[in-house]
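**Q** Structure incoming, see below.
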Amino acid sequence: MASLKGDKTVEHPFSMAAPNERLALEQGGQDVELVDQNSPAPVEVRKRSKLRLASILIALYLAMFISALDQTITATAIPTITHDLNSASGYVWIGGAYMLSAAASGPIWAKISDIFGRKPILLAANVIFILASLLCAKAVSMKMLIVGRTLQGLGTGGMIIMIVISDLFSIRQRSLIIGIMEVVWIIAGGVGPILGGLLTQTLSWRWAFWINLPISSLTLVLLWISLDVHNPRTPMIDGLKAIDWFGSLSIVGLVLMVLLGLQFGGVTFPWQSPEVICLVVFGGLMSGFFIYSEKRLAKYPLMPLKLFTDRSNAGCLLLTFCHGLIYMSLEYYLPLFFQSARSLSPLHSGLLLAPLNTVSALSDIAMGLLIHRTGYYLPLIRIGTLLMLLGAGLFILFSPTTSLSIIVIIQIIFALGSGTLFQAPLIGLQAMVSQDDTATATSTFAFSRNIATCLAVVIGGVIFSNSMDIKVRTLSVAPISLGADATALLANGKAAANVMVFDSIADVGQRVAIREAYAWSVRNIWFFITGVASVAVGASWCIRKAELGKEHTETKTGLKKETLDPVS
């Protein structure tokens, strides 16, 4: 078993080394020693200095920053992108393709990293992300851009940052490290819309993708030089045989079919059309096959079902799903509200998101410090969900005439609660599983959040588009009598990409009516997230309390690990 003296963390080996060997990792000075209990003195084999540890954390933080930045930097630029590329239908898929591929590929990357090691996966994912960003920056059509965004999401799915942190630090220590990581994520989410709007207005929307190249390149170099986690050197053939191919294919099929069905419903095809029905039904069947594959077929499953049978684990996963759905809905559709219902520029709409992101970051920092010092996380989770529910309900009050002070206050109330829920459910989940299962639990947690962010964009787009179609029918008749050209720009899923329609309308009454139509349609999204927040409150009461220890067993990857302690 692992033992801790002072700041020392013991690494449990799964290689060919003798069972009585232990690798000690000192978190302060990061002195790493290989100890043979039969030897009179420990033998030092390598030393991880403070500089190396700092380089590792900086690289991981940069990887998190660029991944989070790419989720939101296009939010304020999307109307301009769709206008330049002459494709209104691409509004949802510029963000949706990125998050969908990230969600579907995340568990696969995580399991491959268990087999081949963390470092090769992180490096490969960064290379894919850099090349995909270059493709997006050079896109000349919406199809080319969506292909690039899909590949960017694939690279993001391989950013197994939380898993590496969980490998290196004890659960009590990682609460602070993950807290800083989540703050990076929140800051990137807040900077993204502002930076996207600034680049779009002053340079070009293509700079939203060019900016990735220097940051990702620096990340790649730092990871290559400094990251020294265990390398199992798994033979390629053995590793490929160990991959859960049926589970991988079924989870990709499940995510694609369900999300495509939801996206097409009521927009591209009627809800009762064969296309939508087949996608949703076969997506449901694919979920059944995935469960069967994980339980019966996979020797090394992507998501061991035992994670979901524990009430506390299920509560943590459901809570992070709800939180991701709510937060991304606001990140993605608040800029749309500001640009349409209030006629703000992309830059100003990004700046108006600052209260949400700033307070969320501060709240998350406070959460990390409290957990690190006290070891308590459950009361904070429950208080956070209640504040999030209150804030989500207050967003329903937003209208074209709502004062800026009210908009800021409501964002602050929501952010105080939401900010506590970025890392606390992950800590609660990791506290309930063994160190050997921590990587799988962490990847499942990330999958829950990623699939929620995908659904936030897609479901929000469906709610908004169908709501606008209802309103357009009233705008086209007296007393508004909106012209056919303007009506065509607002119907059939085109409204989100045509917020600049106001520029072509001279009648003041018609402009006011259009703004109110936009506000009413976005308000229906706020009703939806309020219902989801209610579910999150219920999920928080399923989570159990656990003691957060300072001892740590540093994970070793490779098939021999799986052979000694197979995941069931």
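For all residues, glycine too, the Cβ spot is worked out from N, Cα and C.
Below are the features listed in TrEMBL for this protein:
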| type | residues | note |
| --- | --- | --- |
| TRANSMEM | 56-78 | transmembrane segment |
| DOMAIN | 56-495 | domain 'Major facilitator superfamily (MFS) profile' |
| TRANSMEM | 90-109 | transmembrane segment |
| TRANSMEM | 121-140 | transmembrane segment |
| TRANSMEM | 146-169 | transmembrane segment |
| TRANSMEM | 176-195 | transmembrane segment |
| TRANSMEM | 207-225 | transmembrane segment |
| TRANSMEM | 245-265 | transmembrane segment |
| TRANSMEM | 271-292 | transmembrane segment |
| TRANSMEM | 377-398 | transmembrane segment |
| TRANSMEM | 404-429 | transmembrane segment |
| TRANSMEM | 450-468 | transmembrane segment |
| TRANSMEM | 525-543 | transmembrane segment |
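Structural setting of the listed features?
**A** If you look at the transmembrane segment (56-78), the same-chain residues 6 or more away from its ends with a CB under 8 A from one of its CBs are 91, 94-95, 98-99, 102, 122, 126, 129, 133, 152, 156, 159, 161, 164-165, 168, 177, 180-181, 184-197, 199-200, 205, 208, 211-212, 215-216, 218-219, 222-223, 226-228, 328, 331-332, 335, 339, 346-347, 349-350, 453, 496-497.
Counting same-chain residues at least six beyond the ends of the transmembrane segment (121-140), those with a Cβ under 8 angstroms from any Cβ of the stretch are 63, 66-67, 70, 85, 109, 112-113, 147-152, 154-160, 164, 206-207, 209-210, 212-213, 216-217, 219-220, 223-224, 227.
Sequence-distant contacts of the transmembrane segment (146-169) (same chain, at least 6 residues past either end, Cβ-Cβ under 8 Å): 9, 25, 27, 56, 60, 63-64, 67, 70, 90, 93-95, 97-106, 108-110, 113, 118, 121-122, 124-133, 135-136, 139, 177-178, 181, 209, 227, 229, 426, 430, 438-439, 442-443, 445-446, 450, 552, 554-555.
Counting residues 6+ beyond its ends, the transmembrane segment (176-195) has Cβ neighbours under 8 Å at 57, 60-61, 64-76, 161-162, 165, 169, 208, 211, 331, 335, 346-347, 349-351, 353-354, 356-358, 360-361, 364-365, 367-369, 371-372, 419, 422-423, 426-427 in the same chain.
Tertiary proximity for the transmembrane segment (245-265) is limited to same-chain residues at least six positions away from its ends with a CB under 8 Å from its CB atoms, namely 92-93, 96, 100, 103-105, 107-108, 271, 273, 275-280, 282-284, 286-287, 289-290, 293-294, 297-298, 301-303, 451, 454-455, 458-459, 461-462.
Cβ atoms under 8 Å from those of the transmembrane segment (377-398) belong to residues 175, 319, 323, 326, 330, 337, 341, 367, 370-371, 406-407, 410-411, 413-421, 424-425, 427-428, 431, 519, 522-523, 526-527, 529-530, 532-534, 536-537, 539-541, 543-545, 548 of the same chain, restricted to positions at least 6 beyond its ends.
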**Q** What parts of the chain pack near the transmembrane segment (90-109), using Cβ distances under 8 Å and only residues at least 6 beyond its ends?
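**A** Counting only partners 6 or more residues beyond its ends, the transmembrane segment (90-109) has Cβ contacts under 8 Å with 67, 70-71, 74-75, 78-79, 81-82, 121, 125, 142, 145-146, 149-154, 156-158, 160, 243, 248, 251-252, 255-256, 259, 263, 302-303, 328, 332, 443-444, 446-447, 450-451, 453-454, 457-458, 461, 493, 496-497.
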**Q** In the same chain, which residue numbers or ranges, 6 or more beyond the ends of the transmembrane segment (525-543), come under 8 angstroms Cβ to Cβ?
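**A** Residues 311-312, 314-316, 318-319, 322-323, 325-326, 329-330, 333, 378, 381-382, 384-386, 388-389, 392-393, 395-396, 398, 421, 425, 428, 459-460, 463-464 contact the transmembrane segment (525-543) from elsewhere in the chain.
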**Q** Other than its close neighbours in sequence, what residues sit by the transmembrane segment (271-292), given a CB gap under 8 Å and a spacing of at least six beyond its ends?
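**A** Counting only partners 6 or more residues beyond its ends, the transmembrane segment (271-292) has Cβ contacts under 8 Å with 246-247, 250-251, 253-254, 256-258, 260-262, 264-265, 305.
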